[in-house]
Amino acid sequence: MAALTLLSSRLRLCASAYRSGGAWSQGCAGYFSTSTRRHTKFYTDAVEAVKDIPNGATVLVGGFGLCGIPENLIGALLKTGVKELTAVSNNAGVDNFGLGLLLQSKQIKRMISSYVGENAEFERQYLAGELEVELTPQGTLAERIRAGGAGVPAFYTSTGYGTLVQEGGSPIKYNKDGSIAIASKPREVREFNGQHFILEEAIRGDFALVKAWKADQAGNVTFRKSARNFNLPMCKAAETTVVEVEEIVDIGSFAPEDIHIPKIYVHRLVKGEKYEKRIERLSVRKEEDVKTRSGKLGDNVRERIIKRAALEFEDGMYANLGIGIPLLASNFISPNMTVHLQSENGILGLGPYPLQNEVDADLINAGKETVTVLPGASYFSSDESFAMIRGGHVNLTMLGAMQVSKYGDLANWMIPGKLVKGMGGAMDLVSSAKTKVVVTMEHSAKGNAHKIMEKCTLPLTGKQCVNRIITEKAVFDVDSKKGLTLIELWEGLTVDDIKKSTGCDFAVSPKLIPMQQVTT
């Protein structure tokens, strides 16, 4: 008992010395390492915190879109002028903010990311051969970073099997004439329990630039709402992690169970001088807004698809919805039904768009739109989000497509040499055999070009992954061996009409019915 009392007394003395900034006492040293390498170093100037990042370094940069990006640390890199960086980030912000600023200043040599998005300069530099881009599925990117922080050198995943990710040949760098200068390498493939998986290697950075909400004087960190995204796994996956925060508080301000990142991962801390917290897509609703259900059913193509897609929801279901038609279909979920909407940037329990006075830059969906959450919602990191997705815990994923093949192959992420948006989280979303994959799209492309075809001509997002196709003309069930079966047909159209506008053959269900629409 006397020994325990002595230990307790010395622990209190050590904690007191730590809070006051004093040195550890000799008594403390008898119980704890005196190595200063474990102590978080605090900075008052962001430039000082990053000035030793050398040319050619690999830098992990947190954030999703513009949400949770380390604004001050990115600005500091602009001032240091460091060049030839390999930047690992989900995307590259926008043209004039976030990592887009470092692209404009030509400080980045290679991007490892999942999504080009709406950053026109990013896309221009890539297609012009000025920038190397290693496009990586979003969930795979998150897991590669997580593995790097956990000391796992590589892992197997079903994401990307049967695509350019597995086969190799995806352009990393173009020549000036549009030919491929550097192509991705093939991945090793193994089979487990009848399913194919590819080998992905972990990512570790020389430095990680992370944005958090608050830190205490010990270096423990917390995040706010959906701003944790890639920040959390990146914190653990670099030789030197630099965290910028909005506020530094006293030790003891956080309950231990409320700490998101323990101090062991945080090497440097700086309080951000100022924050713009720009919003990429401001989406709001008005007080009087109600679900848009006016007009005759099916009076336009888009509405027709939306109102059929809404019938895919079931009570208690967990669903991930792509931007556009899939997300709009959620407006028609029955009030007698509960559907839990998951967003891959780290939200479970998405709600409607906010009122103007509810807008929060730290709360966005995967489409970078401002959102709200419903009671019972939760926030988590990107690696946790894709554990839900890849692990088959999400019942339904609904997304758009450029092309779908007869046997359920999906293409929706690039047109080589012309359009490069990146795969984002789509490859992960369609990778689990436990998740129903529903494609919503217009039946034909411009010029009546086929989108439903014998074989996709564009690079695949997933192989034999689609279970159902919903267009303005028809609904097909998809079997990976037997092909398509027409199960619903829009009123006024015939089977021959569908044959003319479809680029492959299909069976017709003996129970063919008129195309259904959600009731209003």
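Positions of Cβ are set from backbone N, Cα and C atoms, glycine also.
Among the features that Swiss-Prot reports, active site, 5-glutamyl coenzyme A thioester intermediate is placed at E344, with the record citing experimental evidence. Secondary structure at E344 (active site, 5-glutamyl coenzyme A thioester intermediate), taken from DSSP and collapsed to helix, strand or coil, is coil. Around E344 (active site, 5-glutamyl coenzyme A thioester intermediate), the C-beta neighbours below 8 angstroms that are at least 6 residues distant in the chain are Q138, G139, N320, A366, S382, S385, F386, I389, G424, G425, D428, L429.
Other Cβ atoms within 10 Å of the Cβ of S170 (phosphoserine), summed over all protein chains shown, number 21. For S170, the entry in Swiss-Prot reads phosphoserine, with the evidence type similarity to another entry.
Per Swiss-Prot, the feature N6-succinyllysine maps to K185 (among others). Long-range Cβ proximity for K185 (N6-succinyllysine), meaning a same-chain Cβ under 8 A and a gap of 6 or more residues, is found for G168.
In the three-state DSSP reading, K418 (N6-succinyllysine) counts as coil. Sequence annotations record features per position, and here Swiss-Prot assigns N6-succinyllysine to K418 (among others).
Counting only same-chain residues six or more apart in sequence, the Cβ atoms lying under 8 angstroms from the Cβ of K421 (N6-succinyllysine) belong to Y115, V116, G117, W413, M414. Per Swiss-Prot, N6-succinyllysine is recorded for K421 (among others), and the stated evidence type is similarity to another entry.
DSSP assigns K455 (N6-succinyllysine) to coil, not to a helix or a strand. Within 10 Å of the Cβ of K455 (N6-succinyllysine) there are 11 other Cβ atoms, across all protein chains. Feature annotation from Swiss-Prot assigns N6-succinyllysine to K455 (among others).
Under the heading transit peptide, Swiss-Prot lists 1-39.
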Among all protein chains shown, how many Cβ atoms are found within 10 Å of the Cβ of K418 (N6-succinyllysine), not counting that one?
8
S170 (phosphoserine) versus K455 (N6-succinyllysine) - Cα distance in angstrom:
19
